[in-house]
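Taken straight from Swiss-Prot:
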REGION    1-27  region 'Disordered'
DOMAIN    59-240  domain 'BPL/LPL catalytic'
BINDING   Arg99, Gly100, Gly101, Gln102, Ile103, Thr104, Tyr105, His106, Ala171, Leu172, Gly173, Gly184, Leu185, Ser186  substrate binding site
SITE      Lys168  site 'Lowers pKa of active site Cys'
ACT_SITE  Cys202  active site, acyl-thioester intermediate
Amino acid sequence: MPPASDAHAAPDAAASTSASPQSCAAPPDTLPVTVRWLGETPYDACFDAMRAFTDARTPDTGDEIWVVEHPPVYTLGQAGNPAHLLVADSGVPLVKVDRGGQITYHGPGQIVAYLLIDLRRRKLMVRTLVTRIEQAVIETLAAYNLASVRKAGAPGIYVESGPHHGAKIAALGLKIRNGCSYHGLSVNVKMDLRPFLAINPCGYAGLETVDMASLGATADWHEVARTLVRRLIANLDGATAAAALPQQALEQSND
């Protein structure tokens, strides 16, 4: 999923004029986060659904996290440079989207989590939301003995040390519309990394991209996804809320 100059998030320039009087107003209480497991879903379907969800929000709409795995697709942020797609005939579709950031790849074996969060109701600055998302990813990787860090000016999460020092393992890009976020993050678990060779990941030529498996982690997609959901809830609503998550919220059956 910072101010307008930060590549993490793309604010809606028309938000101050296009919002209806009800859009994302601040009710007194924070509503619980709903977790939805969408299985393998085409990117376009999720893109359309999260925009529609955000446009239809009212002060009573609860926040949601959508967890999904996409078929192969490249996505290019709204200020992205198409030149960062190095192989035009790769066979992987390219979708231009309205998030911040440049080009990235989504595919099988990668967790994608979309964060549909009412920042106004939570009284959150965008930079604070980004920091909490990043921290959730760092904590998730740490649960599998993988040390990772942020990089100033380079959205995403990177390997801290070892043979793959500095390689990217997670990506982040948000859109803010009427005080509410959509888009989110991706974590590479165990995937075919070759499609990343056809792009400059997030606009950085020669940037190595890795997954958890190539770093020695053997956890499967669903296990890592459950860990990520817990850490996202903990960083958004606190450890008590994460501990109180019903089992159904951690099962791939409520899509």
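Even glycines carry a Cβ here, placed using N, Cα and C.
Overlay of Swiss-Prot annotations on the structure.
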{"residue": "Arg99", "record": "substrate binding site", "Cβ within 10 Å": "26"}
{"residue": "Gly101", "record": "substrate binding site", "Cβ within 10 Å": "27"}
{"residue": "Ile103", "record": "substrate binding site", "Cβ within 10 Å": "24"}
{"residue": "Tyr105", "record": "substrate binding site", "Cβ within 10 Å": "26"}
{"residue": "Lys168", "record": "site 'Lowers pKa of active site Cys'", "Cβ within 10 Å": "24"}
{"residue": "Ala171", "record": "substrate binding site", "Cβ within 10 Å": "27"}
{"residue": "Gly173", "record": "substrate binding site", "Cβ within 10 Å": "28"}
{"residue": "Leu185", "record": "substrate binding site", "Cβ within 10 Å": "25"}
{"residue": "Cys202", "record": "active site, acyl-thioester intermediate", "Cβ within 10 Å": "22"}
Pairwise CA distance, Gly173 (substrate binding site) versus Cys202 (active site, acyl-thioester intermediate), rounded so that it is a whole Å: 10
Length of the line joining the Cα atoms of Lys168 (site 'Lowers pKa of active site Cys') and Cys202 (active site, acyl-thioester intermediate), in Å: 10
Mapped DSSP class for the residue listed as 'active site, acyl-thioester intermediate', helix or strand or coil: helix
Close binding-site residues near Cys202 (active site, acyl-thioester intermediate), where close means Cα within 10 Å, chosen from Gly101, Ile103, Ala171, Leu185: Gly101, Ile103, Ala171
